[in-house]
Amino acid sequence: MWKLKIAEGGSPWLRTLNNHVGRQVWEFDPKLGSPEELAEIERARETSLKVRFEKKHSSDLLMRIQFAKENPRGAVLPQVKVNETEDVTEEMVTRMLRRAISFHSTLQAHDGHWAGDYGGPMFLMPGLVITLSITGALNTVLSEEHKKEMCRYLYNHQNKDGGWGLHIEGPSTMFGTVLSYVTLRLLGEGANDGQGAIERGRKWILDHGSATAIISWGKMWLSVLGAFEWSGNNPLPPEIWLLPYMLPVHPGRMWCHCRMVYLPMSYLYGKRFVGPITPTVMSLRKELYSVPYHEIDWNQARNLCAKEXLYYPHPLVQDILWASLHKLVEPVLMRWPGKRLREKALRTVLEHIHYEDENTRYICIGPVNKVLNMLCCWVEDPNSEAFKLHLPRINDYLWIAEDGMKMQGYNGSQLWDTAFAVQAIISTNLFEEYGPTLEKAHMYIKKSQVREDCPGDLDFWYRHISKGAWPFSTADHGWPISDCTAEGLKAALLLSKIPPDVVGEPLVEERLYDAVNVILSLQNADGGFATYELTRSYPWLELINPAETFGDIVIDYNYVECTSAAIQALTSFKKSYPKHREEEVDVCIKRAAMFTEKIQASDGSWYGSWGVCFTYGTWFGVKGLVAAGKNFNDCFGIRKACDFLLSKQLPSGGWGESYLSCQNKVYSHVEGNRSHVVNTGWAMLALIEAGQAERDPTPLHRAARVLINSQMENGDFPQEEIMGVFNRNCMITYAAYRNIFPIWALGEYRCRVLQAP
């Protein structure tokens, strides 16, 4: 039976700043599990398989089964149901909230954070399996149980047409299909295994132009594997790292996720590295293409891209650039004396790879650069300490649910979910009943704050300050983020107002000041806030975005979510510490509010870049403006936002927004006009903040009825459609949102609507 282990090390090759607080790793123990538990898990798997085309999202049941045993509850209050003709009462809401918080508390790990599925993208695990296969570590790192669950996941998420999507809910793409197919083959599945599933996948690939039409990231992965030629790739010259920083195209000016992925890619491209050509690789050369491998026109393949994966088409200027580099520059750099420049560039790139590894304890900023960096360390020296330090951190990215084992989009969303959960529970004004839960969460927040900047010259390493920031996940990961810092600060300030005998001692003032310093340092010239760093270059740099399937990735753009979170955190801080950097804080809030108003769409919405989508963005937009001192009566933007949200309320009383809103940038309802508990929670929170109850509380009563009636018998909420997004086009799971936002919305509803004088 699989067991989730929290805050444990277990390897001499693991490094940590805080005794692994927040670390979540699944391990298989064949001796664990009663017959009843094993039968329950098997039923969950069978159900997941049966409904896989209708319900593509796991309900995270393996963790729930484990925690139900480890964190038993007392008697569960009776379920609440509200008829259409019945009024929602305070007693109903209070009982529902107690049921919800009691259940959510059982999902809290002993170190204080909430664990959960952060999967969704289908292109992450293939990079890991390809890297482990090349380095010969596949069978060392992955047990037979790991491989079985990875295969289960891939088979479960194959679409009806035989292909795989970019993410679990997406239509089939060449990128998703080729990489998933290759992964199954490397995991030991035969070319005709899977009850015809692999054959259907191969047919999809060949029917849609073969693997020559995979996007550039896929071309790179196939090239290092040996199932594609480097001459079929557009150039990724490592020499770009030797350019003067003053140039707008210097990678140090790019969004950190972008530069941290293209950093190791450029190393592998610069060396034209190819792994061992095994019998499986030789077979893939036949299976993936419609013509013999040696007859493929690799030069033509450079710019081929299947229409199913083409979200961001190459502009002409990019095609000219790649052709020039490919035909004129690369031949010079591959031979003496140009080769000396290449060797210098490769050394520089390796220095930056090692710096990233060491300062994230070998977790790395994300799963793509994690496995690429690991591969580069092996290419440099297969017996290196760096490669050995990478291996145990693979487990930090793996998550298992009833649909199988996946690779997550980060090493978790621990701090993010915990900060939101704290705010949700406190919003109910029932927090004294849940002191132990909040005390553990408080401990996690305190232990996860980044305590020091990265070492060395930050300008040389293209890093921003991080002392005082909060990361998205764990202190060991350590990358500072504007909105995570803001949400961490908000939660810490709320907890500081509750007696220490209930939630523990508050964070010391100096550490609050450090957090404020980080937030103030991240405001851009136009008043907005980006994610990890200041915006360092220009939007026109998107012209050289080579990733055909992602949008807006080259620079760190401003976002309404980050800007609003900063406003909220600073206004909360100002109430407790009005004299600390008073003028700077006031100016920052004012400029951020002006930016928020400026980017509002004409229909009253804000586009959400990290959640689905206009509902999410509009919640942040309204919250930010209200926190900055504006209200419905004096702010046209807030009035427009309320009109927008009310116009999207469904006949059921809820809201339900599809991920299609993100990629098409037009509001789209969930299929069948179904409501979604998370969208409904976001919309309620925005409307309550904007004073909807004072004008007409009916929409709020109707929405509250939807949330109450959605609650399950045990106090949990159903997992519905996917609610997270990144880079416009790829969806990602936030498993805790289904619990957090109904609690938060009904907590605010209880205190600010039903209990209003």
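Here the Cβ of each residue, glycine as well, is placed from N, Cα and C on the backbone.
Within the same chain, residues 2, 45, 48-49, 52-53, 56-57, 119-123, 125-127, 129-130, 133, 138, 194, 197-198, 200-205, 208-209, 211, 213-215, 217-218, 221-222, 225, 227, 280, 283-284, 287-288, 305-306, 308-309, 400, 403-406, 549, 659, 721-722, 729-733 sit at least 6 positions outside the repeat 'PFTB 1' (147-188) and bring their C-beta atoms closer than 8 Å to a C-beta of that stretch. If you look up Swiss-Prot, you'll see 147-188 marked as repeat 'PFTB 1'.
DSSP assigns ASP483 (active site, proton donor) to a helix. Residues or ranges marked as active site, proton donor by Swiss-Prot on the basis of similarity to another entry: ASP483.
The repeat 'PFTB 2' annotation in Swiss-Prot covers 512-557.
Mapped onto DSSP classes, the repeat 'PFTB 3' (589-629) shows 24 helix, 1 strand, 16 coil. The repeat 'PFTB 3' annotation in Swiss-Prot covers 589-629.
Annotation comment: Swiss-Prot describes 638-679 as repeat 'PFTB 4'. Residues in the repeat 'PFTB 4' (638-679) partition by DSSP class (helix H, G, I; strand E, B; coil) as 21 helix, 2 strand, 19 coil.
Per Swiss-Prot, repeat 'PFTB 5' is recorded for 700-741. Using DSSP to sort the residues of the repeat 'PFTB 5' (700-741) gives these counts of helix, strand and coil: 16 helix, 6 strand, 20 coil.
Sequence-distant contacts of the repeat 'PFTB 3' (589-629) (same chain, six or more residues past either end, CB-CB distance under 8 Å): 523, 526-529, 552, 557-561, 563-568, 570-572, 574, 635, 637-645, 648, 655, 657-659, 661-662, 665, 667, 679, 682-683, 685-686, 689-690, 721-726, 728, 731, 734. With a threshold of 8 Å between CB atoms, the same-chain residues lying at least 6 positions outside the repeat 'PFTB 5' (700-741) that come near it are 56-60, 64, 76, 79-82, 84, 87-88, 92-93, 96, 99-100, 102-104, 107, 114, 116-121, 166-170, 311, 409, 413, 417, 420-421, 424, 547, 549-553, 608-613, 616, 649, 652-656, 658-659, 662-663, 670, 674-685, 687-688, 692-693, 749, 753. Neighbour list (ASP483 (active site, proton donor), Cβ cut-off 8 Å, at least 6 residues apart, same chain): PHE529, THR531, TYR559, GLU561, CYS562, ALA565, ALA566.
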